[in-house]
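As recorded in TrEMBL:
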type     : residues  : note
TRANSMEM : A:6-22    : transmembrane segment
TRANSMEM : A:68-87   : transmembrane segment
TRANSMEM : A:99-118  : transmembrane segment
TRANSMEM : A:139-158 : transmembrane segment
DOMAIN   : A:242-272 : domain '4Fe-4S ferredoxin-type'
DOMAIN   : A:317-348 : domain '4Fe-4S ferredoxin-type'
Amino acid sequence: MLETLLPILIFAALGVAVVGAWRRVRLWRQGRPSAVPLLKGLAALPRRYLVDLHHVVGRDKVISNTHVATAGGFVAAAVLMILVHGLDLGASEGWGGVLGWLLLAASACMFMGSLFVARRRRHPPARLSKGPWMRLPKSLMAFSLGVFLVTLPTVGILPAGFGSWVLALALAAVVGWGLAEMVVGMTWGGPMKHAFAGALHLAFHRRAERFGEGNRSTGLKALDLENEAASLGVETPADFTWNQLLGFDACVQCGRCEAVCPAFAAGQPLNPKKLIQDMVVGLAGGSDAGYAGSPYPGKPVGEHHGSPHGPIVGRGGKALVDAETLWSCTTCRACVEECPMMIEHVDAIVDMRRFLTLERGETPNKAPEVLDNLIATDNPGGFAPGARMHWAADLNLPLMADLQQVDVLLWLGDGAFDMRNQRTLRALVKVLRAAKVDFAVLGNEERDSGDVARRLGDEATFQSLARRNIATLAKYHFQHILTCDPHSFHVLGNEYGELGGDYRVYHHSTYIAELHDAGRLTFAPWKGGSVTYHDPCYLGRYNGEYEAPRRVLEALGITLNEMQRSGFRSRCCGGGGGAPITDIPGERRIPDMRMNDVKESGAGLVAVGCPQCTAMLEGVVDASAEVRDIAELVADALVAAPSEETAARHRPRAVEVA
Amino acid sequence: MQPEHQGVAVTVLVSVGRHPLTGRARRADQDARGLELALGLEERLPGSRINLLHAGPRCEESESALRGYLGMGAGTGLEHLTLLEQPEGADAIPALAEHLASATPQLVITGARAERGEGSGLLPYALAEHLGWPLVNGLAAVEKVEHGVATLLQALPRGQRRRLQVRLPAIVSVDGAAPAPRQSAFGPARRAQLEVTPLAAERDHELAEWAMAPARKRPKRLKIIKSASARDRFKAAAAKAEGGSGQVLEGVSSEQGADAILKLLREEGVLPR
Ligand code: SF4
Ligand code: SF4
C-alpha cells in the first residue's frame, strides 16, 4: 500500500512545487532588469552558502548547529527519499539497502534538529515571527519522523507489509503533511520559502562582490540620471530590480535585524524585518494583516496594503509603508551586517527615499533646507564657501593650489564649519606636523562630499558635488587622502569610484596607527581614567576598520573597557543617513541609548573617530562620560620624538604623576 | 455649480533668483512663495489652472533656476512654463504686459522684488498700470474666490493682517509673509516643458545707463534709550519702531498731501531745507 502511495505523494508534491516555483519566479520578474551572471552565480552558490552565510549564522552557535542538522538532514533526506521511495530504488539489489540506511540516518539527523527548533519555539524571543512559523517544528518532525518510519520496512527492520492499511494511511498522511510544508510550501509561500528564494538570492545577489573572505560591498549604487524621461528611484515594488525582490522573499523573519536596529530600539516607526516583509506583501499584492512579528513601533499591523504596481508610500493616505518609516533609518547597516540571508535593507531604503526626494519633493523636516544649502553653497549649513578655512586662519595650512604635489591630501569635511570639530581638526594638524607629514588641504576648493545628500535620496545633488570634487582632485598629485570624517572616508573611497574618482583614502585612526608603527610619533603614558571606544558605523561596518583605532588607543597606553555592543555590533550614535535632519520622533533618542551603553561600560571617557558621533554623543544631557576624538587624545599625548642621539643616551627618568 | 468649485486661472510671474552668499542662480524666494500660494489655491479650488511666466534670456543658468519652480509642481497639474525670450538687458514690463493682456488670467501673482537686476520692486506697479488692474501688495493668503471677487489677507508689519476684497482680474505681490515654498523635486523639474516664445526686444535704456554695484546693508538709525531701568530699555526695544509721529491724512486735496510729504522729507533731512 505504502509502495503505491509514496511515489504518488512525492511526485505530486514535486509537481505542485514546480508550478509554485514558476509562479514565484514570475512575481520576482516583475522587477526591473539587473544584469547578473546566472551560471557563475549558481556555481558560486555552494560556497556562498557554506562559507559566507554560515559565517553570519555561526555567530549564534546553537542556531547554527540546529540549522546544519535540520537543513542538512532535510536536503539529504529529500534526495534519498526521491531515490528510495519515489523511484523505488530501495528495493533494488546492491545499493538499495545502503540508500535506505542513509535515508534513516538523514531523517534521524533532521529529527534531532527539529527538536532544537521546537525548543526554541517554546519561549520564542520577541524578534522571532510567530504565526505560521510556530507550526514549523511540528512540520519538520512530521516530515522526518514520517520518512523515518516509512523507511524502516525498506531496510528490513520491519516486515514489508506490517500493520494494517489504517496504519499505512496514517503514515502516508504524516509524510504528506511533511511534504506539503517542506516541498510545496517552499515555493507557494510558507516558512520554507526562505530555502528556495534564499538559495537563488545567494546565487543572483546584486552585490556579488560582497562574498568571499574579508570582502565587503557597502557603497550605494549610482542612479542613472542620463535618461531624462525615466522616473527616478523606487515608487512601486516593481521598481526594484528583480534580484532585490528575490532577496526580500528570502527573509526568514529571524528578526536579527530588528534586534540591532537603533531606530526600532528608540521607538521610531521602523522595523527592518517588517519593512522587508512589507516589500514581500507588495510584490505579491495584499495587506500586511498576515504578518506575525513585531510591528513598526506605534503602527498597528493590518492597516497597510500594496500591490506590485501600486505606490509604496501613499500620497496623503496609507499605502504599503509610511514615509516616516523610511526616514527613521540612520543607514547604520547593523541590519545588513546581521542578516543571515544577506538582504540589503539600506539599498532598499535609499532607493525608496530617492523617489520621495527626486520625484515627489517630500524630504521631511529640515532636509529640503539642507539640500538647498548644498546646492547653493556646497555645504549643508549654508555657510559662505569662502569661510571654509576661517578656523585655520592661524595655522598656515599649506594649500594644494600652491603646492600641486604632496604625499597626503587632508580632506577636512564639513566639520570645518563646526566649532567642536574644529578642535579635532586642529589636533589632527598638530599630530601631522609632529610626524612631519607632507600634507596640504584643498581649502576653499573643497566641497561637501555628498554623503548626506545621497542618503537623503538626492542623488542629483550627490552626483553634482561628487563630479565637481573629482574634477578638483584631478588637478593635483597626491599619494592618498586623509580625513577624520568616516562619512567622507566612505564616500571618497567607496562611492566616487563609480563616477570616475579612484583614491586611496585613510581614516585618521588608521593613518596615526601607521605613523606610530613607523616610529614617527611618541606618546606620553596615559594618565586619565577608564576609556571606552565607540565604533562609528561608517568606519566599522562600512569599511571594516575596527583594529586601527584600538591600536592607537593601546599605543597611548589605554586599556579599553569595551562596551557590550562594540566592533561589528556597535550601536549607531543616531547621526547617520541624515537622521538628525529628518528627525523622526520616537520614544527615546538614539544617542541617549548609546551614552547609556558607555555608562554601563563604566568608562569616564568615550573615544570616537567621527565628527557626527562627537556631535551626537556630546549632545546628550547629563552624560556620564566625556567625548574625545582619537586625534585629540593623540595630540594631547604627543611628546617630542627622541632623536637618534638622545635615544642612545636614553635613561629612566622621573615621571610627573599629578 | 458650487461657487467654491469654480477654478481660477492664475499666472505666476517668476524670475531668476540669486543666492545671497554665492550669487548662484536659483528660484527666487519671493516668487517661489508666490507659486506656493498659487498651488495652495489650486488644491482648494479644483479646476484652477496655474501658468508660470518669465521674460528674459534663455541660458543654462536661467533655465535650471526656472526649472526650480517647475519642480514644485510634483503631483499637481503644473507642467510647463512660458518663457518670453528676450536678450539680456531688455525691458520685461512691456513684454509681460502684452502677454498678460492677451492671455487674460484672473489672478497674477508676483514676488515683491527681484533678486538680481534692478530689483526696484516696481514691476508689479508698472504692470498694474499698464493693464489697468488693481494691485494688492504684501499678500499673506488668498482666502476665497467667489463670483469673480477674491478675498485676500494682506500682511502688515509686526504680524498684523488686513482682509481685503478685490474684483478680478488683479495683480498681487508677495513677500516674506507668504507661506514658505515647498521643496523642488529634481525629476519633475527636468521633465517639465519650457514653452519659448521669442520676442522682439525693447531695450531698457535707463537700465543700460546705470552702474551696478553689490547692495550694502542700509545704515540703521540708532535708538538711544536713556532710561537706567532694564525694564524700560526692554520695553523700548520691544516696542513698535514707528512711534506716534505718523499722521493719517484723510479727505485732503492732492496738493495738501504733497505738501505734507515734502514737509516730512525736509524734516527728516532727505531733502534740503
Ligand atoms: S531581513 Fe534578514 S535579519 Fe531581518 S528578519 Fe529577515 S532574514 Fe532575519
Ligand atoms: S540601517 Fe540601521 S537604522 Fe536603518 S534599518 Fe538597518 S539597523 Fe535600522
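Using N, Cα and C of the backbone, Cβ positions are placed for all residues, glycine too.
Given the structure is predicted, the values throughout are model-derived calculations rather than measurements.
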Confidence summary (mean pLDDT) of the domain '4Fe-4S ferredoxin-type' (A:242-272): 96
Composition by DSSP (helix, strand, coil) of residues within the domain '4Fe-4S ferredoxin-type' (A:242-272): 18 helix, 0 strand, 13 coil
The domain '4Fe-4S ferredoxin-type' (A:317-348): DSSP-derived helix, strand, coil residue counts: 14 helix, 0 strand, 18 coil
Distant-in-sequence neighbours of the transmembrane segment (A:139-158), which means Cβ under 8 A and at least six residues beyond its ends: 2, 6, 70, 73-74, 77, 81, 84-85, 90-91, 96-97, 100-101, 103-104, 107-108, 110-111, 113-115, 117-118, 171-172, 174-175, 177-179, 181-182, 185, 191
